[in-house]
Amino acid sequence: MGKIQKKHGKGRLDHYYRLAKEKGYRARSSFKIIQINQKYGKFLEKSKVVIDLCAAPGSWCQVASQLCPVNSLIIGCDIVPIKPLPNVITFQSDITTDHCRQQLRQYMKTWKADTVMHDGAPNVGMAWAQDAFTQSELVLQSLKLAVEFLNKGGTFVTKVFRSKDYNNLMWVFQQFFEKVEATKPPSSRNVSAEIFVVCLKFKAPKKIDPRLLDAKYVFEEVSQGNNNNEAKVFNPEVKRRKREGYEEGEYLQHKRLSILDFITDSTPIDNLGETNEMTWTPRSIKEGEVDEEEEKEKDKEARDERGNVQYVLDDKVYSDEDALKMVSKLPQTTPELLECLKDLKVLGRKEFRAILKWRLSARDLLQIDKPEAGVEVEEEELDEDQLIDKELSELGEREKARKKRERRRRNEMKQREIQRMQMNMTTPTELGIEAAKMESLFNLKQAERTGKLSELQKGKRSHVSETGDEHVTLEEAERVDYGSDDEANGLEDELESMYTEYLENKAARTAKSVVQRKKANVETEEWFGISDKKDGDESDGEMSADDVDMATIDDGEDEDDGKTARTLNNGNMFFSNPIFDNLVNAAVAKTEAKPKALDLLEPGAKDLIELEKAKKRKYAKKNGLEYSDSEDEEDDIVMETQKQDDSDIEYVHGESDSDDEPNIDLVTDQAMTMAHQLATGQTNKHKLQDDGYNRYSFRDLDGLPQWFQDDENKHNKLNKPITKEAVEALKQKMKTLNARPIKKVLEAKGRKKMRALRRLEQMKKKSELINEDGARSEKEKADDISKLMRKLAKPQKSKKKTVTVVYAGGKNKGIAGRPRGVTGKYKMVDGTMKKEQRAIRRIKKKMGKK
């Protein structure tokens with residue numbers, strides 16, 4: 001017998017058909033949802049609840065059961081029965097009925113679906129237009145169920161046929177989902193009209209317009225209106241193609257219109273947009289156009305027996321020919337206008353406007369817009385209640401307008417304030433106004449009320465007050481009271497305290513400053529001296545006005561004492577640094593020889609020098625040494641009277657060879673340059689002394705605020721030149737310092753070395769025992785010693801063996817034996833074991849408390 005050839009209608013037995021047979025899928029459409037899932041972020045792997053509408057024969061449910069997480073809820077329904085599938089709930093129902101909705105709610109309880117899929121299609125074969133519309137209705141019903149059961153951020157996948165309702169469906173999808181895309185997977189046949197729409201990120205609106213899910217409203221055919229004649233007239237430069245075709249019966253595509261029809265018609269723009277040419281011929285009434293009602297409405301027009309229109313002007317009757325002659329004699333009827341009327345399709349906006357103005361003039365000439373005579377409008381008088389209501393409504397409207405203006409003004413002010421903040425324009429603009437108390441602003445209305453506008457126009461400089469009774473001259477206006485000295489001092493104190501607080505907050509944030517404060521251990525609180533005024537009975541109570549004045553006077557008297565105390569405290573804090581331990585003696589020795597140098601010191605430094613001399617004497621007496629005030633007279637180091645923030649020499653506090661000499665280290669480019677010049681002989685002691693006297697050395701900063709002094713010391717200082725050799729030397733020094741390992745690394749290396757030495761000692765002892773063993777030959781002894789040497793050289797491995805922990809879930813759930821891909825020791829764990837271990841620890845903790 002010959003082999004039976006099976007028909008391959010529409011290529012059904014293609015590559016995907018054979019793959020579906022091999023993999024056990026019920027239909028080749030399984031690959032469609034697989035490819036869509038891979039293209040759009042694998043949404044099935046993240047879905048706990050999946051609904052498949054029109055699921056027969058169940059191929060999409062098969063894919064969902066394989067890709068969704070374990071213990072996921074998968075529900076499939078169709079109008080035809082579906083064979084049972086593992087881990088899938090199936091039932092038979094029509095998705096357009098309430099029974100399907102009730103069944104879904106019964107299975108899902110209070111859950112929400114993460115993904116809703118729809119791959120249904122109606123029975124086709126009758127008519128293509130009817131089949132496409134039925135498919136669109138089916139898609140809308142599936143969307144209705146998806147909107148009801150989908151969770152926020154869910155996904156909806158549906159099949160749609162390409163038809164005229166496609167755009168309507170896409171618009172509805174976009175109302176419910178943030179992202180809507182149409183795709184055609186490779187497994188879908190090219191001859192098929194199906195496409196798949198993937199809707200991502202469901203919005204879950206609280207209120208849904210029922211019309212969006214109504215097929216009558218969504219697929220309603222909207223009648224196309226007239227052509228956009230306004231665009232043709234007012235924007236004729238833009239040419240639009242006629243994709244909709246042409247009107248029925250219009251074979252020549254060249255429309256002509258009588259000028260009288262254009263003048264009398266109420267839609268002139270439509271006439272200009274649809275007409276090609278206007279003629280000077282009388283218009284004729286078509287058959288069936290005239291009726292009795294129209295005759296009654298148009299009293300100003302009359303028709304003769306032939307049907308031509310007759311115009312009644314000033315009790316005289318004119319025909320179409322007469323009306324055309326009257327219109328042609330208008331001044332606006334120019335030769336240019338006549339040429340424009342011959343071809344309207346080539347005109348621009350300017351020409352169309354001229355034609356419309358000419359039409360209005362013609363209507364006025366023919367008295368078409370003239371109101372009917374004898375018709376008077378009677379105004380009804382309003383009673384008292386109506387007048388009150390009208391007045392109240394007007395007041396309400398005015399109040400609304402006022403509130404609207406006020407709201408607009410506030411919004412504008414807020415916008416300006418936001419703009420000022422964005423541009424960092426944070427300086428208060430009202431300071432000048434408050435200082436002058438609004439009197440420095442010139443107001444033209446106030447000047448007009450005072451009657452002094454003429455004097456201002458003549459150039460007289462005077463000030464106009466609000467009342468007009470006071471006349472302030474320029475000299476008096478310039479004498480402005482800016483406050484007393486006490487207020488200025490209070491402002492300075494406030495600024496000083498704010499700056500001190502700023503420095504404290506800034507220093508508290510840096511770790512270096514914390515370490516410096518711990519090392520220095522110096523009190524930073526300033527002492528402003530003791531006032532002579534007696535704080536007696538009213539120290540705890542409130543002060544009166546007289547007491548405040550007296551306190552202000554006392555503060556002024558004690559101002560010099562407070563300054564002296566502050567200066568003394570600052571000097572003590574400055575010279576308490578260990579840097580001056582050796583330098584004080586030099587200053588004391590030079591005091592007798594150079595008394596002027598001692599005067600350069602800050603107030604309070606003299607007392608500090610005497611204190612240091614006493615310390616030196618005590619130290620010399622304790623160690624049995626002789627101390628002389630002129631011992632350090634020839635010291636090469638010169639003290640600078642000006643305190644600088646950025647010192648070139650860093651004094652390291654730590655262990656040193658002598659208790660009297662600090663440990664000095666060179667850490668800056670300028671310090672290294674100075675040391676290099678001293679070492680090479682480029683400079684000497686006397687030149688350094690001369691360089692110490694410069695324009696920054698004799699600045700008088702007494703009485704100036706601290707923030708100003710800090711700013712001066714930061715910017716106004718001597719910039720000493722540096723050399724390339726000094727920079728390279730400093731870089732090499734820092735490189736050497738950075739190359740040194742830290743203390744912990746050195747300790748670890750030392751411990752490692754000690755362990756190696758101990759192992760070496762042990763090996764020596766074992767080697768001696770081996771050599772002393774007479775029962776062994778020399779070869780055996782050499783082999784044993786070699787083994788010991790290799791063992792010593794071999795790095796020690798950790799004896800702890802690794803154990804692989806495998807979770808007994810997912811693909812390893814219920815597995816017998818070793819899991820796939822696991823080598824070595826392993827341990828199976830699951831949630832129950834974790835709970836048991838937690839319970840054991842809890843019981844031990846309770847037993848320990850008892």
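Heads up, the Cβ atoms here are built off N, Cα and C, so glycines get one too.
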In Swiss-Prot, which of the ranges 771-810, 811-850 has the region 'Disordered' annotation?
811-850
Taking Asp14, Asp78 as the options, which does Swiss-Prot list with Gly58, Trp60, Asp94, Asp119 at the S-adenosyl-L-methionine site?
Asp78
Name the residue range among 298-325, 438-465, 466-493, 746-773 that Swiss-Prot annotates as coiled coil.
746-773
Pairwise CA distance, Asp119 (S-adenosyl-L-methionine binding site) versus Lys159 (active site, proton acceptor), rounded so that it is a whole Å:
5
Rounded to the nearest Å - Cα separation of Trp60 (S-adenosyl-L-methionine binding site) and Lys159 (active site, proton acceptor):
13
How about long-range neighbours of the compositional bias 'Polar residues' (273-282): same chain, 6 or more residues beyond its ends, C-beta under 8 Å?
227-230, 232-233, 254-260, 262, 308, 319-321, 324, 328, 341-345
With the S-adenosyl-L-methionine site defined by the record as Gly58, Trp60, Asp78, Asp94, Asp119, how many Å span the farthest pair of C-alpha atoms?
18
Are there any residues in the same chain, six or more apart in sequence, whose C-beta is under 8 angstroms from the C-beta of Lys159 (active site, proton acceptor), and if so which?
His118, Asp119, Gly120, Ala121, Gln135, Val139, Glu194, Ile195, Phe196, Val197
In the same chain, who gets a Cβ under 8 Å from the compositional bias 'Basic and acidic residues' (388-400) while lying at least 6 residues past its ends?
382
At 10 angstroms around each C-beta, which of the binding-site residues Asp78, Asp94, Asp119 has the fewest other C-beta atoms nearby?
Asp94
